[in-house]
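The disulfide bond feature in TrEMBL is assigned to Cys161-Cys202. For 33-259, the entry in TrEMBL reads domain 'Lipid-binding serum glycoprotein N-terminal'. Taken from TrEMBL, the feature domain 'Lipid-binding serum glycoprotein C-terminal' applies to 273-479. The signal peptide annotation in TrEMBL covers 1-17.
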Amino acid sequence: MWLMVFFCACFLNVSSACDFGPSSPLETGIVCRVTKPAALVLNEQTAQVIQAAFTHASYPDINGEKSIRFFGKVTYGLTNIQISNLTIGSSEVELKEDDAVYITIKNVSASFSGTLNYGYGSWFVKGGHAIDFDIFSNTDLQVNTKLTCGNNRVAADTSECYLTFHKLVLHLYGDKQPGWLKQLFTDFISFTLKLVLKSQICKEINYVANLLADFIQDKAEDFLKDGDIGVDISITSFPVIKAGYMESHHKGVLLYKKPFDISNSSLFSPSLLSENRMLYFWFSEHVLNSMAQAAFFDGRLELKLTGSELKDILKDDDTESNKTDQKIFKGVSLSNSVTQIWSLIPPEIRITPEGTLVTSSVAVQLNSTNDTESSVVGLYFETDVTATVKASYADKKLLLHLSDSIVQIKTCTSSLQTSVTEEAIKEFLHKTISLYGITAVMKRMEPALTSLMNSKGLHLFDIINPEIIPHKGYLIVQLDFGFPHHLLVDFLKRSL
């Protein structure tokens with residue numbers, strides 16, 4: 001269940017100050033909402049986390065003494081306590097509004113084994129003995145997990161942790177112990193043993209929960225980072241718990257080596273997200289805009305096309321267009337050419353109901369090769385492009401769909417030997433870019449972005465029917481998912 005508690009922390013790396021006072025208001029760039037349906041799915045694997053807490057706990061030696069009539073003072077010690085045969089009956093979860101995540105684990109059965117050392121003495125007998133023991137226990141566990149802020153992270157407070165014992169049976173092994181010994185130790189060890197087990201198990205649950213929180217937050221931080229580009233996703237307010245969902249708000253500010261002056265006016269309100277899907281992400285357009293600008297300054301908005309790739313783009317069944325193509329590139333071997341494309345200034349991204357609006361100024365240079373194999377600049381032009389793009393995700397791939405575009409050819413210079421006028425060249429370039437060029441660039445971006453996301457492990461998740469929905473000024477991603485079993489396995493292997 002702690003996976004559910006911290007699943008919304010997949011975008012967390014919060015500020016250590018956690019100062020959300022009115023004197024320093026923080027704008028929200030990213031919101032993560034995890035709903036009750038997601039809680040039910042994640043709760044299915046609670047048993048593994050509880051089992052890890054029980055088995056990883058360090059159980060201290062238990063020492064005590066008691067005065068017994070006729071025998072004097074009896075001292076005892078339980079040492080080398082180990083746990084085995086752990087089983088869990090069921091687990092339930094409930095979101096208590098403005099309070100905590102209530103987790104109830106029923107019928108936790110476990111066996112504890114170790115060595116019992118005891119000694120007693122009176123005027124007629126003295127003795128010291130050591131015998132093996134095991135203890136069978138059956139208990140219910142109630143953990144009310146509150147989300148807190150501190151130490152640069154969102155943390156779990158599981159101090160409301162209760163164990164209710166239904167059975168606690170002590171078995172002693174050995175032929176020489178007195179017949180009354182089992183009943184004697186069962187009676188006055190049980191109370192002390194219950195306190196120790198509760199203390200250690202609850203302490204370990206809190207440790208494992210926070211360890212898991214840090215693990216997921218580290219994964220999230222890495223997912224939103226590539227090279228020098230990252231996103232500051234410190235929380236801007238304390239996490240919200242409602243009856244139907246948990247929600248966290250984050251800065252979404254770009255982290256990069258160059259300064260950026262990008263406005264961040266939050267448009268978020270809780271009514272923008274529903275509770276029908278398992279997981280929601282809300283992104284302000286400034287988050288995507290700042291990342292696009294960082295990509296420009298990092299030299300990533302560049303593309304090189306081989307001659308064969310250029311020829312594929314120029315393929316057209318329109319006879320008139322083919323004739324123009326042949327006239328412009330007459331005497332040029334396109335197969336041996338190289339075309340370079342790069343952004344002249346940082347692109348601008350705006351989110352609209354029709355899709356993501358991308359405005360950019362682009363330079364295109366075609367280097368042709370003549371008969372002597374010397375490379376010359378055959379064609380150079382600059383163009384302003386505004387494209388409206390919709391995104392989707394299916395079969396573990398990002399898909400981009402062009403819904404509209406505006407192209408304006410500006411500077412155009414050519415050293416090609418052609419009889420075609422400059423206006424005809426511009427008209428040809430306008431048509432080629434509008435119909436084929438933008439789509440060709442998008443087709444190359446799809447596998448590149450998919451590969452980047454997969455390198456962070458996105459393809460390992462069972463994502464069900466994801467939707468990317470644009471609105472004015474913000475974007476919503478909503479989806480259902482299967483249990484991320486690989487994440488829990490990875491965590492248990494690395495951490496415990």
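Each Cβ is built from the backbone N, Cα and C atoms, and glycine gets one as well.
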Local Cβ density at Cys161 (disulfide bond) - other Cβ atoms counted within 10 Å: 18
PLDDT averaged over the residues of the domain 'Lipid-binding serum glycoprotein N-terminal' (33-259): 80
Other CB atoms within 10 A, centred on Cys202 (disulfide bond): 20
